[in-house]
Ligand code: EPU
């Protein structure tokens, strides 16, 4: 196991490049296995352990997978297996996209139940509801989801909750169903749009993504294509929050500013200066920052995946802030770690009440999950003295080269073996 050692108290200055979006990539890679002819060449895939894990899973199904830095080439014409049952499958949440992708292409799949960050109950009832509506029989057998259909037939599906995973998963299967599927109360996240754009480049006919009604005309087959994944809105937001917390001025390049509006608006409300310039934004903190209230919501609301880094920032903002986590029921595990560093936060159900303190002080803390890890790195960057962040395998799941990127901005972070 490794840990990060952070010498805090340094402002961040300079330029940073944002990588491709993790939550788009972990759906686009499984979607690529739906190509029954041709080869997919996908660029801007972030170099993180979650994408490496999906690549291994796709390889285990019989596809040929090659990676060259950010470019992944997949030949899925050789797939000969629709039973995904490796340790990797059980390890990560996004392996549930194999269900929709395999069901669409082979009308049959068996996928071991997905794992992922421990941030509350993570049901997949809406995924199952969608597959059943398309005509699949879904059973849970010995810890695996088993789906099978004589044929998939398009229909109207209304999701009871707004779910990124269910929207994408059912869209995958419906892309190769007979006739028209309409998904209502669909998720509108940029990565949902990106997955649809990828499928359309493969030959699918999907319209309306980015709104809450998605219309899919099923096609007979999908083919390989060239595609580039959108920039990671959450990685960008994490660096925006970090500079707001540490002070300094950074240019964040390779972003789509529109995807960052909810976070930009909150940071501006706190007193941070932000300007846009094409596919870059500049974030500068000159003076004091003020506490604000934040409620996490589906896109275009404030993303739950930035709630934890935001809590760190609010812990040193002037006055009281209230955070309302409305998506996940147990996404406050970082709070106990922040308290070890001197933060004044109390959690009641899904609310965190934060009284801003002058500063944090270095301590040994744990990355309890991916975004909690980012929150602890930012805490270490602000704090007086040395912070050790352990369990960083969670961070490596979603943030490419995190210490290199921060160090290029003037931070002092080293990676060491944690004995
Ligand atoms: N939900 C249900 N039933 C379902 C599916 C979801 O009740 O069948 C509920 C969940 O319990 C949750 C809400 O709906 O309360 C939203 O869940 P969603 O399905 O949107 O989440 P997800 O697809 O499992 C993705 C991201 C998460 C991110 C959420 C919300 C991936 C691989 N994961 O999860 O990302 O928090 O959307 O935006 O795309 C992360 O990157 O750190 C991360 C956890």
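Cβ coordinates come from backbone N, Cα and C, glycine included.
Pulled from TrEMBL:
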- 7-405: domain 'Enolpyruvate transferase' (DOMAIN)
- 22, 23: phosphoenolpyruvate binding site (BINDING)
- 93, 122, 123, 124, 125, 126, 305, 327: UDP-N-acetyl-alpha-D-glucosamine binding site (BINDING)
- 117: 2-(S-cysteinyl)pyruvic acid O-phosphothioketal (MOD_RES)
- 117: active site, proton donor (ACT_SITE)
Request  = Run through the Cβ atoms and count how many others sit within 10 Å of the one on residue 126 (UDP-N-acetyl-alpha-D-glucosamine binding site).
outcome  = 21
Key: Taken over the domain 'Enolpyruvate transferase' (7-405), the model's mean pLDDT   = 96
Ask   = Are there residues of the same chain, six or more positions away from residue 22 (phosphoenolpyruvate binding site), whose CB falls under 8 angstroms from its CB, and which are they?
value = 46, 48, 50, 51, 232, 234, 235, 398
Request  = Would you kindly give the Cα-Cα distance separating residue 23 (phosphoenolpyruvate binding site) and residue 126 (UDP-N-acetyl-alpha-D-glucosamine binding site), rounded to the nearest Å?
outcome  = 18
Inquiry  = Quick check on the binding-site residues 125, 305: which one has the highest count of other Cβ atoms within 10 Å of its Cβ?
reply    = 305
Query = About how far apart, in whole Å, are the alpha carbons (Cα) of residue 123 (UDP-N-acetyl-alpha-D-glucosamine binding site) and residue 23 (phosphoenolpyruvate binding site)?
reply = 18
Ask   = Per 10 Å Cβ neighbour count, which of the binding-site residues 123, 327 ranks highest?
value = 327
Query = Could you tell me the C-alpha distance between residue 93 (UDP-N-acetyl-alpha-D-glucosamine binding site) and residue 23 (phosphoenolpyruvate binding site) in angstrom, no decimals?
reply = 10
Query = How far is it from residue 23 (phosphoenolpyruvate binding site) to residue 125 (UDP-N-acetyl-alpha-D-glucosamine binding site), counting Cα to Cα, in Å?
reply = 20
